[in-house]
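Database features (TrEMBL):
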| type | residues | note |
| --- | --- | --- |
| SIGNAL | 1-24 | signal peptide |
| DOMAIN | 27-163 | domain 'Bulb-type lectin' |
| DOMAIN | 358-441 | domain 'Apple' |
| TRANSMEM | 456-478 | transmembrane segment |
| DOMAIN | 511-751 | domain 'Protein kinase' |
| BINDING | Lys540 | ATP binding site |
Amino acid sequence: MTTLLYISLGFLLFSLHVTPPCSAATNDTLAAGEVLAVGDKLVSRNGRFTLGFFQPSVVVKSGNITSPNWYVGIWFSNISVFTTVWVANRDSPVTELQLNQTQLKLSKDGNLVISSNASIIWSSTVNRTSATTMNSSTSVVLSNDGNLVIGSSPNVLWQSFDYPSDVLLPGAKFGWNKVTGFTRRFTSKKNLIDPGLGLYYVELDNTGIDLSRSNPPNMYWSWSSEKSSSALISLLNQLININPETKGRINMTYVNNNEEEYYEYILLDESYYAYVLLDISGQIEINVWSQDTQSWKQVYAQPADPCTAYATCGPFTICNGIAHPFCDCMESFSQKSPRDWELDNRTAGCSRNTPLDCSNTTSSTDVFHTIARVRLPYNPQIVDNATTQSKCAQACLSYCSCNAYSYENSKCSIWHGDLLSVNRNDGIDNSSEDVLYLRLAAKDVPSSRKNKIKPIVAVVAASIVSLLVMLMLILLVLRKKLRFCGAQLHDSQCSGGIVAFRYNDLCHATKNFSEKLGGGGFGSVFKGVLSDSTIIAVKKLDGARQGEKQFRAEVSSIGLIQHINLVKLIGFCCEGDERLLVYEHMVNGSLDAHLFQSKATVLNWTTRGTVGYLAPEWISGVAITPKVDVYSFGMVLLEILSGRRNSYKVHTDDNSDQVAFFPVQAISKLHEGDVQSLVDPQLNGDFSLVEVERVCKVACWCIQENEIDRPTMNEVVRVLEGLQELDMPPMPRLLAALAECTVVAHCDDDS
């Protein structure tokens, strides 16, 4: 028994001298000789970040999906939604079989490595020059800002901030070194459970910020460094400060010197959580943590339209930026990989439900399905000899590889292979009127459609015939009325309130056409006075044939149009060969007399536009489209409505002058239902509240900061004519920021 006791004590003493590698405790440092195994963690001193092994998992509609692989990464410690901000081995995952033998440690050459059974799975990239400075005090530290640093204070050999994944944390630099050419690029991940390198990346180089797709190579958004980067930072900070979720909590900066150029943002509130993400679909987002909803909230995205990125939805899909989800399969196509779609990776797109009929290209049974209001796919093939739509369709059917065609303005385009980047916007912006004809197998077209064609054609034909009959009857009635009106040569009124005058009466009123006011292409104009002292202008048409044509045109059109800015047609005379038009007299003459006189006043300034009319695209770096003019039109429309400039000085109680911004007040009053207070007081109440609200709504939609939210000019006209309705416009964040930077003033005259 005594011998056994001594043997046991001997083994105990031996074990104290032969100690296995130490496992790292839960602190912020991994020292040389220590290892981090599965279950071990590094936690930053402030408790915000954790580094360790993790297995991605996500809850979707079909249930919980968990990755079979493990990774080493950094995540937020105190957030209920597991959110990684950096992954070491993105494209080198650890399998379940390797897991028990896998460790994270510092190697002898100073690199941080993930190894399994002496095999290196992943390694940092400390260069040899830096490694020579390594000593016994070299360690790995997880900083309070989420940066993983290799070095010994104050020397930094390597840091994760230089090699971001898909997230840019506060305090990390996004930019490039002008001396070494080193660029900090961050890349999207593949899907929600695979942090591997995705298709999209963003970087800053000597040309500016570029958002690109790697395969196939395609740059779909950029901010040129030739433009004012300080303007971009100012714009972003203004957008941040008008959002209650971010106001006073985030500040962005831009640095450009001889050594480096970079963007950076910091948190002004240490208890606040936020990060910049390049998401799976290729958008840059600013996400903030909401304590109320216990979820991440997107407060900014660029490009604003998620369909901007090339082929983000994959082949045979339609991308709709205002829909959720924004990707959908085309008619008679199904998701190629439903699991990938659930994991937010839709780049595989969709595939046909039924193969095409390619047995005989001269008599194919395939049909075409119409997809309206879309942006056409990339890389069309132009068919010059297809001069009609039927020939264009036949040109597509003659190739088994042809999947669609388009025919517009006598131009035939066909597409072979995958259809990529077919985009649609069903919101207020329907600027694209292109039509795509998608080729489908005959069996994929529901038979009910075919059966409905005949009754639809019959109904349409019957409607057209009825309409034509009604039009003929109306024309006959109008013709009789005009004849009757022309025959009654006295001071009675004709239809529409237009008076038919006797020729002798007009001779007397104009003193035998003695006072000539001017002349035009169809005759001369004379001043006259009616028996009731009304001053008139009588246009005497010259030339029988031409005069009669002009006479009928003006009576039928101008006579029916009454507008405050148009000269009023009082009456006419069609006695014998005489053709005369009687207008109200313009005392001050017409506008052209003031605009085109030889001694007209010359403006003494050279500026023909101001920043207040410019759309945000001019300073934000996004692509310039016709919507910038829509923005400017909206600003002008508001000035017409109010009778004042959109920005104007107001006198405050402290005897100082500050600038007020009318568009912000207009939207506020519109939401309050008080549009009457917006109207130019010089109108003296002579306006329609319905029309004012209509004008105010369309103007406020025109000045939305995202161009995809603005209407087209065609839609603006339809709204102003009362042919189209609009929802209540939201408050543009940029305009609210500008107003907050100046002063919030009331719209009434007492301000």
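Each Cβ is built from the backbone N, Cα and C atoms, and glycine gets one as well.
Helix first, then strand, then coil: DSSP counts for the domain 'Apple' (358-441) stand at 9 helix, 34 strand, 41 coil.
Counted within 10 Å of its Cβ, the other Cβ atoms near Lys540 (ATP binding site) come to 20, all protein chains included. Across all of the domain 'Protein kinase' (511-751), the predicted model scores a mean pLDDT of 75.
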